[in-house]
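Annotation comment: TrEMBL describes B:29-48 as DNA-binding region. Annotation comment: TrEMBL describes B:6-66 as domain 'HTH tetR-type'.
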Number of protein chains: 2
Amino acid sequence: MVRWEPGTKERLRAAALELFAAHGFEQTTAAEIAQSVGLTERTFFRHFGDKREVLFDGQADYLQAYTDGVGAAREDASAFEMISSALAAVAERFGEDRRPYSRIRKQIIDANPALAERELHKRSEAAATLAAALHARGVTEPTATLAAESGATAFGIAFTQWVRADETRTMAQIIDDVLAQLRSFAVPG
Amino acid sequence: MVRWEPGTKERLRAAALELFAAHGFEQTTAAEIAQSVGLTERTFFRHFGDKREVLFDGQADYLQAYTDGVGAAREDASAFEMISSALAAVAERFGEDRRPYSRIRKQIIDANPALAERELHKRSEAAATLAAALHARGVTEPTATLAAESGATAFGIAFTQWVRADETRTMAQIIDDVLAQLRSFAVPG
């Protein structure tokens, strides 16, 4: 039985972020992360498969939010409304308490091409998840793909704005703004 | 001096496609391709850097068509009209004479994960090229990214439809249809 260790995972995560930011992701070992908060490497590996997982371990929940959000749209919702609902569900995961963490995480990822490639991959995973959820709601092609790709793009743009140093709007506000801009782009000129 | 060899490159390309389709991309060597049309491996490498280039060598021209198409839009064009103009320019590269080749090429690529990954990468290259061309025309963010990503998605959808066995619409017609579907997706419900 693994002992119940309140907050251990989040202590390890905070320590990892600090060391990655200070010394670089490649230069930091799991043992160093653990030692910096008085824990053993073995404890680190009870919580994370590897040090990369510190930065990417919420992926399944993140994708589930897209699926849940599409499912939560009202019965006669348009594809656009399903995407809005999905992005609103995802936005709930990006509250103010998370913004400082997301800013540091972004710096670490931008400094490492392999991590940046992995992060970029999240865009296509989000689009594929959205497309599957839209198909399940009866949205046909090519609307499902157009909507899913637009949703993934909108989230990417919103996230980039949200982590900017001088940005004060909430994620939900930014997403509303980006969706309005998507609409005005596509409206006949 | 390299001798003038009319049609050699296209003979090599046709032979390569046939062998890739029959035996698989990995199982076919440059020497086999050359020999199948009575040429030497050395001649093959005068025309293609490697056998993968047989499938991807038009990439620079393809991306240039996006840039040229955005540049060709009228002075007061909206971002949507610039994307329409870009896709119209790209569509000219996909004439009826090319459709049989594109269909075989797609089968070869779908059968090989590394080639499929490379093909997928063309989507982000198209989006980046479109975004740069839109910036050059004064389109600001986030509209430039929304428009560029929508354009890349629309081309991907159109191409998938164009190579279907039973598809008879021209690429230009399909692109018009997909752009109309993009508009109706984004119109307020």
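Any Cβ shown, glycine's included, is placed from N, Cα and C.
Listed as Cβ neighbours of the DNA-binding region (B:29-48) (distance under 8 Å, sequence separation of 6 or more from its ends, same chain) are residues 2, 5, 8-9, 11-12, 15-16, 18-19, 54, 57. Mean per-residue pLDDT, taken over the domain 'HTH tetR-type' (B:6-66), amounts to 95.
Using DSSP to sort the residues of the DNA-binding region (B:29-48) gives these counts of helix, strand and coil: 14 helix, 0 strand, 6 coil.
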